[in-house]
Amino acid sequence: NWSGSLIVASLTGAFGSSFLYGYNLSVVNAPAAYIKKFYNETWERRYGFSVDEGTLTLLWSITVSIFAIGGLVGAVIVTPIVKFFGRKRTLLLNNLFAVTAALLMSLSLLAGSFEMLILGRIIMGVDAGISLSALPMYLSEISPKEIRGSLGQVTAIFICIGVFTGQVLGLPEIFGQEPRWPYLFGAIIVPSLIQVMILPFLPESPRYLLLEKHNMSKAEKAFQTFLGKDDVSHEVEEVLAESRVQRNTKLVSILQLLRTHAVRWQVITVVVTMGCYQLCGLNAIWYYTNNIFSEAGINHETIPYVTLSTGAVETVAAVFSGLVIERLGRRPLLIGGFGLMVVFFAVLTVSLTLQKTVHWLPYLSIFCILAIIASFCIGPGGIPFVLTGEFFQQSQRPAAFMIAGTVNWLSNFAVGLLFPFIQAGLQTYCFLVFAAICLAGATYLFFVLPETKNKTFHEISQAFAKRNKVSLEMQEMNHYPGERKSSAEQESNFTSSVNNGETKKGIV
């Protein structure tokens, strides 16, 4: 099922999208001291006195967390963009944000303006907000259901590779020196250019072409390209089966989706998984890894190399998850990942609290951090994006990703802004907050989440029908209240609209 075009599309799409998200999570960590020094020198040059410690901490917290505000903006605007331009073109146009941000951040030192760096972080956040919705949408729509989970994990794998790459390039031997830190941000241009060079030669999402553009000819060619076979009648019929439920309807707005009883528990589950994805504490580790290892007693010169191990463990765990997700399923990986994080957060708290009394406990702290990262990447790190693509029908999917993205980025911003204060207030007990969130998420998913492995979108809707307290027939009728036409009229109109889009005879 893994055709060459499918592999190239997933790798290229992820390299210019989720890779940059992961890269920008970790890239600010290594040059933090140099950037703060740059802020102080710029402030002193402008106003004639050094910036006070409180203002400098605030500026740095804004620099770190403002990335999430840009991400929230990107998540909000992605629905009209993917509707008008399609999934593939959205990914391509999104590179304009990445290139603009890279130029602003890399030239900020030369221009003597820390505002350029902060503005670049916002714009880079917009890029990430769009890509983390458009990319999973694109991957879920081009992949066969048998490998939809594995292909969806490409998003998480490249987030991990991006984090690891940011750590490697931040080493003192490469760009982790005072005069070189702007190159860390200039490197963002490379993945963007590679995506722009390759992605135009690959097809648009066949589901988008068929269900939203009503172009049967191009949809068939896209299916043939991605599946690597000539006979795609089964795949086309599977999509048309979905279209019979939602035919002659417009894309659903967020408000309509929230009011639709037939998908109520799908929406709640997406909100819970996306909230736990960010609030489980992993981004706190990425944003402030150096401080955490310093508190664990690691030598300052050794910290960059110890930090490198976290990115390597994350990447290996994400690849492992991608290999086993279609065998084990989404449910055990997601619940098991959160459960293991609870255990290791508890051990980490004990280790950090008692580390000054036992000489080997700092090493246990390092092990716990690596174990937390591995547990996260095995399940919670990528499956929430997969589930968001699987839970909803074609016309609901953009609104669902907007909701998921909004929760994702608001939670991201909250962690980035509040974790330093949580850490200062609770000291070594701060990770118990994240343990409680992971426990709550695992408990909810245990009772609510059905297994979606190897199921069609229609079968997944059936799995939620009882919990939503609607019959399957009523669920289909309620997807788009007030917009459904009679069955005969829909059949006539849809056949006509698809024929106008160069329908191949015999398919319908």
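Using N, Cα and C of the backbone, Cβ positions are placed for all residues, glycine too.
TrEMBL does not curate its annotations; it predicts them automatically.
If you look up TrEMBL, you'll see 489-501 marked as compositional bias 'Polar residues'.
Across all of the domain 'Major facilitator superfamily (MFS) profile' (10-453), the predicted model scores a mean pLDDT of 87. What TrEMBL records for 10-453 is domain 'Major facilitator superfamily (MFS) profile'.
For 481-508, the entry in TrEMBL reads region 'Disordered'.
As annotated by TrEMBL, transmembrane segment applies to 58-79 (among others). Residues 24-25, 28, 32, 35-36, 39, 51, 90, 97, 114, 117-118, 121-134, 251, 287, 398-399, 401-402, 404-406, 408-410, 412-413, 416-417, 420 of the same chain lie 6+ residues outside the transmembrane segment (58-79) yet bring a C-beta within less than 8 angstroms of a C-beta in it.
Residues or ranges marked as transmembrane segment by TrEMBL: 91-112 (among others).
Residues or ranges marked as transmembrane segment in TrEMBL: 118-139 (among others).
Residues or ranges marked as transmembrane segment in TrEMBL: 151-169 (among others).
If you look up TrEMBL, you'll see 181-202 (among others) marked as transmembrane segment.
Here TrEMBL flags 267-288 (among others) as transmembrane segment.
Summarising the annotation, TrEMBL assigns transmembrane segment to 303-325 (among others).
Feature annotation from TrEMBL assigns transmembrane segment to 332-354 (among others). Listed by sequence, the residues of this chain that lie at least six past the ends of the transmembrane segment (332-354) yet keep a Cβ under 8 A from its Cβ atoms are 273, 276, 280-281, 295-296, 321, 324-325, 361-362, 364-365, 368-369, 371-372, 375-381, 383-384, 428-429, 431-432, 434-435, 438-439, 441-442, 445-446, 449.
The transmembrane segment feature in TrEMBL is assigned to 360-387 (among others).
Sequence-distant contacts of the transmembrane segment (399-420) (same chain, six or more residues past either end, CB-CB distance under 8 Å): 57, 61, 64-65, 67-69, 71-72, 74-76, 78-79, 125, 129, 132-133, 136-137, 251-254, 256-258, 266-267, 270-271, 274-275, 277-279, 281, 283-284, 287-288, 384-385, 388-389, 391-392, 430. As annotated by TrEMBL, transmembrane segment applies to 399-420 (among others).
Residues or ranges marked as transmembrane segment in TrEMBL: 426-449 (among others).
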Recorded stretch, among 118-139, 151-169, 181-202, maximising Cβ pairs under 8 Å relative to the transmembrane segment (360-387): 151-169
